[in-house]
Amino acid sequence: MSNKPAPKSEDKAEEWSGPAATRFDKYAATQPHKAYSEYFDPCQEAADKSIRCLKRNGGERAMCTDFFQAYRDCKEQWQNARKEARRNTSWFGK
């Protein structure tokens, strides 16, 4: 056992309103070279629907094949778009 005092509820509230609460925002602001796509998955809705289908059907994958295929199609389309965008940019700038 440690001799650390138990954290006060005030400390926990401060933790979520202090600098730790904005850590991601600060990181994103300091990383302007990061593309928006690295923080946002356009296929998240399809992924969520797949997971909801699995939960609704007790894990029976055969019942959710349409949702899985929709996710695969979305992901493939997104990856192809990203590849094309990278192909059209130069190594030394925009």
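Cβ atoms here come from the backbone N, Cα and C positions, even for glycine.
Per Swiss-Prot, the features are as follows:
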type	residues	note
REGION	1-21	region 'Disordered'
DOMAIN	40-82	domain 'CHCH'
DISULFID	C43-C74	disulfide bond
MOTIF	43-53	motif 'Cx9C motif 1'
DISULFID	C53-C64	disulfide bond
MOTIF	64-74	motif 'Cx9C motif 2'
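Here the features listed in Swiss-Prot are painted onto the structure.
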| residue | record | DSSP class |
| --- | --- | --- |
| C43 | disulfide bond | coil |
| C53 | disulfide bond | helix |
| C64 | disulfide bond | helix |
| C74 | disulfide bond | helix |
If you count Cβ atoms within 10 Å of the Cβ of C53 (disulfide bond), leaving out that atom itself, what do you get? 17
To the nearest Å, how far is the Cα of C43 (disulfide bond) from the Cα of C53 (disulfide bond)? 16
For C74 (disulfide bond), the same-chain residues 6+ apart in sequence with C-beta under 8 angstroms from its C-beta are P42, C43, A46
When each of the disulfide-bonded residues C43, C64 is scored by other CB atoms within 10 A, the minimum falls on C43
Average the per-residue pLDDT over the domain 'CHCH' (40-82) and send me the rounded value. 94
